[in-house]
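Undergrad: Look at Swiss-Prot and you will find C174 tagged as active site, acyl-thioester intermediate. The substrate binding site annotation in Swiss-Prot covers R69, G70, G71, K72, F73, T74, F75, H76, A143, I144, G145, G156, V157, S158. Annotation comment: Swiss-Prot describes 30-209 as domain 'BPL/LPL catalytic', evidence class sequence analysis. Annotation source Swiss-Prot lists site 'Lowers pKa of active site Cys' at K140.
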Amino acid sequence: MLQFITIPNLMDYRVTLKLMEDYVNKVISDNELEVVYLVEHSEVYTAGTNYKQEELLNYGDIPVIYTGRGGKFTFHGPGQRVIYPILNLASPNRHKDLKLYIRMLEEWIINSLNYFGIKAYLIKDKVGIWVKVRKDEFAKIAAIGVRVRKWVTYHGVSINISTDLSKFRGIIPCGLENSLVTSLNQLGIHIEMSEFDKIIQNEFNKIFK
């Protein structure tokens, strides 16, 4: 059985990282139940294992944390829903296939956005979830960066709901120079975080049966 846990307050990224790592160890050693954490972070830039230092442009007083997830630099902050699925891909109802897992994450978020009338896309050689904002021009609305330890997943997905998009100017998001970033709010969708959470939980159950 899987449980969704919503953290009600802004959470420091370092605290979340320890929470994830501790829970991953429990799943590995004690066969603990799977969980999906729904988090909203205080402002932070995080760097994945493929980052380049020159992609950190002007971070000001926002902390920068170097993590073990895949990917490059991204921003987390208020108004962004960050989702951390801790799933055991070695369990009988899962598949020991990291590429398949990432495809399922992508499908999950695309379907969730579609519920709100947002047509989202995958773009070849560009990680994340994208929406068309102008003719032949796309903006990233969700970032993906995961890690797996002994087939247990952690880190995950961040979706911009009402995020302050100006903060992305402090980095080259995901190493994609001149790429645009958007949010549900910027696309004219104004919803409470709790409303979005209901949809992603419903859509999760369709993909990760």
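Including glycine, each Cβ sits where the backbone N, Cα and C put it.
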Undergrad: I need the most crowded of these binding-site residues: A143, V157. Count other C-beta atoms within 10 angstroms of each C-beta and give me the top one.
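TA: Buried the deepest by this measure is A143.
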Undergrad: In whole Å, note down how far the CA of R69 (substrate binding site) lies from the CA of K140 (site 'Lowers pKa of active site Cys').
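TA: Between the Cα atoms of K140 (site 'Lowers pKa of active site Cys') and R69 (substrate binding site), the distance comes to 19 Å.
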Undergrad: Secondary structure at R69 (substrate binding site) (DSSP, helix/strand/coil)?
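TA: Reduced to three states, the DSSP call for R69 (substrate binding site) is coil.
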Undergrad: Over all pairs within R69, G70, G71, K72, F73, T74, F75, H76, A143, I144, G145, G156, V157, S158, the annotated substrate binders, what is the largest Cα to Cα distance, rounded to whole Å?
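TA: Across R69, G70, G71, K72, F73, T74, F75, H76, A143, I144, G145, G156, V157, S158, the two farthest Cα atoms sit 15 Å apart.
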Undergrad: State the count of C-beta atoms found within 10 angstroms of the C-beta of K140 (site 'Lowers pKa of active site Cys'), not counting that atom itself.
TA: 22
Undergrad: Summarise the model confidence on the domain 'BPL/LPL catalytic' (30-209) as a single mean pLDDT, whole number.
TA: 92
Undergrad: Neighbour count, 10 Å Cβ-Cβ cut-off, for G71 (substrate binding site): what number do you get?
TA: 23
Undergrad: If you draw a 10 Å sphere around the Cβ of R69 (substrate binding site), how many other Cβ atoms fall inside it, taking every protein chain shown into account?
TA: 20
